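Participant: Before we start, here is the structure in question, set down as structure tokens.
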Amino acid sequence: MFTRTIRQQIRRSSALSLVRNNWTREEIQKIYDTPLIDLIFRAASIHRKFHDPKKVQQCTLLSIKTGGCTEDCKYCAQSSRYNTGVKATKLMKIDEVLEKAKIAKAKGSTRFCMGSAWRDLNGRNRTFKNILEIIKEVRSMDMEVCVTLGMLNEQQAKELKDAGLTAYNHNLDTSREYYSKIISTRTYDERLNTIDNLRKAGLKVCSGGILGLGEKKHDRVGLIHSLATMPTHPESVPFNLLVPIPGTPVGDAVKERLPIHPFLRSIATARICMPKTIIRFAAGRNTCSESEQALAFMAGANAVFTGEKMLTTPAVSWDSDSQLFYNWGLEGMQSFEYGTSTEGEDGTFTLPPKERLAPSPSL
């Protein structure tokens, strides 16, 4: 159950005062353990104070350099240590990447994310220059641009910022305690150090994790605690449902997808602890029913990845998401559109203008 203090804070405090960076692990655990129907209601109430609940950003993720990674992340298809059938490729040509970005924008995506499978950028000067050029070109399309390129130093972060990068993704993956069971080639503190370098360069941070790695609920709480107690909350927190990859240690050990209720608890808890953050329903969404996805939006998720692929795993198609949005009265979020609440100053719900109302569905 919610403690009286937390319940009173949600009901009585101004929206601004709900933003905290001093959450204790015990507080987050109590929030997580709240009966789910009450937890989602309270998360939705906070969500409406900071965001338009009908707005969901569509993002597209492209692997611009696939496979051959030297890291040993035990869930990853792109690690060279496991026999997953993924072939290593070179960096995509600039024109090929830009064509993918144009398609994504035409389909409704307003954030274009690019991932490269390697540990860090050290010794990749020519490749880094090509990536900087890609960032400049995609940004000129009036899209948000995010990349995930492994660990980086402060100077590299500044160069990315100068090129027009919106945000950098560097996930924590799981709790500090469970982390060593998943990865041994990079420490938790190295991940936090990269995030610190991003902040110093003035970049927005995208950092979240993967649920269903075999972790326990206290590990999900631990992940949220690590994110919610950062000096500045990540502007973006992606939650991934594990997609088991045959040939990886985790993929061979985990036979079933994590049930939806702990995933919803994690989204709702993160929404309460980080009310201004964009929470992204990332990998594994294709394994969820439409109703399960809608519950995630009610719990506080307000961004999805859509398109052809999630790096090496299946994504939900643009056409499927178009139907999903229609059925549930959702709208795509524009680039750089954040924090548009539909509540009045007193917390009352305000109907949107008529032109923004979705057509009445047939069912």
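Each Cβ is built from the backbone N, Cα and C atoms, and glycine gets one as well.
Quantities reported herein were computed from a predicted structural model and do not represent experimental measurements.
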Participant: With respect to Swiss-Prot, which of the residues SER13, SER80, SER184 bears the note phosphoserine?
Facilitator: SER13
Participant: Quick check on the annotation: Swiss-Prot has CYS113, CYS206, ARG280 binding [2Fe-2S] cluster, so which of CYS73, CYS76, CYS146 does it put in that site too?
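Facilitator: Looking at CYS73, CYS76, CYS146, the one Swiss-Prot places in the [2Fe-2S] cluster site next to CYS113, CYS206, ARG280 is CYS146.
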Participant: Of SER17, SER79, SER322, which does Swiss-Prot mark as phosphoserine?
Facilitator: SER17
Participant: Report which of SER14, SER109, SER207, SER266 appears in Swiss-Prot with the annotation phosphoserine.
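Facilitator: SER14, according to Swiss-Prot.
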Participant: Which whole-number value in Å describes the distance between the Cα atoms of CYS146 ([2Fe-2S] cluster binding site) and CYS69 ([4Fe-4S] cluster binding site)?
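Facilitator: If we compare the Cα positions of CYS146 ([2Fe-2S] cluster binding site) and CYS69 ([4Fe-4S] cluster binding site), the gap is 20 Å.
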Participant: Which number gives the other C-beta atoms within 10 angstroms of the C-beta of CYS76 ([4Fe-4S] cluster binding site), all protein chains shown included?
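Facilitator: That number is 24.
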Participant: Give me the non-local Cβ neighbours of CYS73 ([4Fe-4S] cluster binding site): same chain, 6+ apart in sequence, Cβ-Cβ under 8 Å, ordered along the sequence.
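Facilitator: In sequence order, the residues whose Cβ lies under 8 Å from that of CYS73 ([4Fe-4S] cluster binding site) (at least 6 apart) are SER79, ASP173, ILE182, ILE183, THR185.
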Participant: Ten-angstrom check, please: count other Cβ atoms within 10 Å of the Cβ of CYS69 ([4Fe-4S] cluster binding site), all chains counted.
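Facilitator: For CYS69 ([4Fe-4S] cluster binding site), the 10 Å Cβ neighbour count is 22.
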Participant: Tell me, if you would, which residue among CYS113, CYS146, CYS206 (binding-site residues) has the fewest other CB atoms within 10 Å in the structure shown?
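Facilitator: Candidates: the binding-site residues CYS113, CYS146, CYS206. Fewest Cβ atoms within 10 Å: CYS146.
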Participant: Taking the Cα atoms as reference points, how far is CYS69 ([4Fe-4S] cluster binding site) from ARG280 ([2Fe-2S] cluster binding site) in Å?
Facilitator: 25
